[in-house]
Amino acid sequence: MTMASLVEWAAMGGHGRFVWSAWGVTAVFMVGLALHARLERRQLLRQLKRQARRQTPSPPRGPSHDPDA
Amino acid sequence: MPLSETTRRVAVISEPADKQHLGIALGATLMRDLNRMRRRPGDVLNPLVFYALAVSLFPMGISPEASLLAVMAPGLLWVTALLAALLSLDGLFRSDFDDGSLEQMMLCPHPLTSLAVAKVAAHWLLTGLPMALMAPVLGILLALPMNSIGVLMASLVLGSASLSLIGGIGAALTVGLPRGSVLLSLLVLPLYIPVLIFGSGAVQAAIMGDAVLPHLALLGALLAAALIFSPWAIAASLRISING
Amino acid sequence: MWGLIHKLGSPKWFYQLSARLQPWCWGAAILLLVTGSVWGLFFAPADYQQGNSFRIIYVHVPAAFLAQSVFVTMAVAGLVYMVWKIKVADMAAAAMAPLGAAMTFVALFSGAVWGVPTWGTWWMWDARLTSMLILLFLYIGVIALRGAFGRRDSGARAASVLAMVGVINIPIIKYSVDWWYTLHQPASFTLTARPSMPLEMWLPLLIMVLGFYCFFIALTLMRTRSEILRREAKARWVQALIEEAR
């Protein structure tokens with residue numbers, strides 16, 4: 001696959017800007033939605049962790065978890 | 001002080017359900033809304049004046065040329081009718097919502113669906129029907145060919161009933177929301193599009209000399225479907241708005 | 001059967017089940033989308049009449065399919081929520097609405113762009129595009145209505161009612177717009193290629209459609225799971241989950 005033929009393929013016989021703008025917008029939306037969902041989940045988990053940490057720590061249940069004990 | 005006839009009839013709504021009483025309850029609800037015209041004529045006349053005014057704007061904004069207006073007339077008359085109907089819908093449930101009558105209607109033993117239909121019927125009698133009667137005059141203003149004026153009225157009579165029913169759903173959903181009227185337009189206009197297409201299509205067919213009956217039949221079918229589905233949707237939406 | 005439905009309705013069970021499903025859905029989506037894209041952009045032959053702009057079909061058609069399917073799914077989820085009071089159904093409906101709206105926009109944009117080399121115009125009021133435009137407004141309406149209510153469950157029920165009303169209207173709207181379009185444009189040109197597409201052309205299309213659907217399922221699962229965490233934050237199983245995640 002030579003450089004020239006790659007450029008030729010990208011030009012899409014003169015229709016390059018149509019094909020690539022259509023595909024580009026599609027990709028932007030799909031990748032954007034996926035990234036946003038992941039970001040939302042990460043932020044949510046972080047926020048919930050912070051809230052849990054702020055509450056008074058519960059006393060250890062049952063035997064001590066201290067490995068040195 | 002003797003109670004007015006309407007008040008006495010409205011009080012009947014709260015009595016235990018009985019087949020006779022449903023009819024009276026519906027009649028009372030209908031009369032109550034129709035009487036609103038006597039007490040606040042502005043509420044009823046505003047959409048009609050808007051209709052006439054908006055139609056008049058188009059020749060000024062586009063062109064007074066009769067041939068051009070005649071082509072645009074069916075669509076213009078229908079689209080402005082849609083917008084005028086939207087304008088009037090906000091008030092459909094609002095005053096009842098504000099003064100608590102809507103909750104009373106919800107709590108009374110008569111089905112909310114039937115009472116909602118009665119209110120929508122009153123809305124149609126006060127808005128849709130007068131618009132349909134006004135339309136011929138406005139049609140003449142827009143150089144609409146005379147052979148289509150009758151069809152214009154018929155399509156608007158049938159279509160505006162659907163508009164009232166479908167619009168009632170949007171009105172019920174947004175009655176409890178601040179600035180709900182803007183959202184109302186957004187919700188209802190997409191649902192209006194089939195009525196618009198067949199309504200203005202009927203008038204255009206009349207102008208071309210094509211068969212008008214299929215269009216009117218489709219409008220009738222849309223009205224039938226609206227009569228079947230809208231009452232449930234309106235009642236469900238009213239409950240959501242009252243509870244929310 | 002009812003046991004299964006009630007189980008699915010439990011947020012905790014749904015969360016755990018979807019945890020196992022998710023990686024597969026994402027994997028399938030990525031595999032199908034990459035395969036379909038490479039095939040459609042590189043190896044599929046160009047159309048005889050439209051040339052390379054024909055390749056837009058590989059994003060336009062899947063997006064259009066999704067736009068409609070997501071709305072129907074949303075309406076069904078709304079019905080499940082209203083009738084059986086299953087909250088997870090409403091969470092899923094809320095999660096998928098923005099995706100459906102995005103896909104509708106993508107279908108409109110790609111359709112319009114496709115029109116430029118094909119019809120020489122940036123916008124064409126043909127039946128498909130017009131129906132898509134109306135569908136976009138319906139989506140915006142549902143999303144706006146859900147957000148307009150102060151209480152979350154009121155907004156949820158209102159959005160469900162509107163979605164159900166909308167879904168009944170969609171075939172009516174399509175029929176009326178189709179009819180309207182054929183009346184005014186007797187020589188109708190459909191955006192999709194002629195039905196007799198050779199195998200090398202519609203096989204990548206099928207792969208792309210499947211890929212889009214897998215993407216829809218994967219994304220909706222992820223967003224619904226986040227919503228479950230958000231709403232059930234006080235529940236013991238969520239607290240335990242956060243503990244473990246530290």
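Note: Cβ is positioned from N, Cα and C throughout, glycine not excepted.
Bear in mind that TrEMBL entries carry predicted annotations, made automatically and left uncurated.
On a predicted model such as this, the values are computed, not experimentally measured, just so you know.
Record features (TrEMBL):
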type     : residues  : note
DOMAIN   : C:13-184  : domain 'Cytochrome c assembly protein'
TRANSMEM : C:21-44   : transmembrane segment
TRANSMEM : C:56-84   : transmembrane segment
TRANSMEM : C:96-117  : transmembrane segment
TRANSMEM : C:129-149 : transmembrane segment
TRANSMEM : C:161-181 : transmembrane segment
TRANSMEM : C:201-221 : transmembrane segment
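For the transmembrane segment (C:201-221), the most Cβ-contacting stretch among C:21-44, C:56-84, C:96-117, C:161-181 is C:21-44 (pairs under 8 Å). For the domain 'Cytochrome c assembly protein' (C:13-184), the model's pLDDT averages out at 92. Same-chain residues lying 6 or more positions outside the transmembrane segment (C:96-117) and placing a CB less than 8 Å from one of its CB atoms are 50-51, 53, 56-57, 59-60, 63-64, 66-67, 70-71, 73-74, 77, 123-124, 128-129, 132-133, 135-136, 139-140, 142-143, 146, 159, 191, 212, 216, 219-220, 223.
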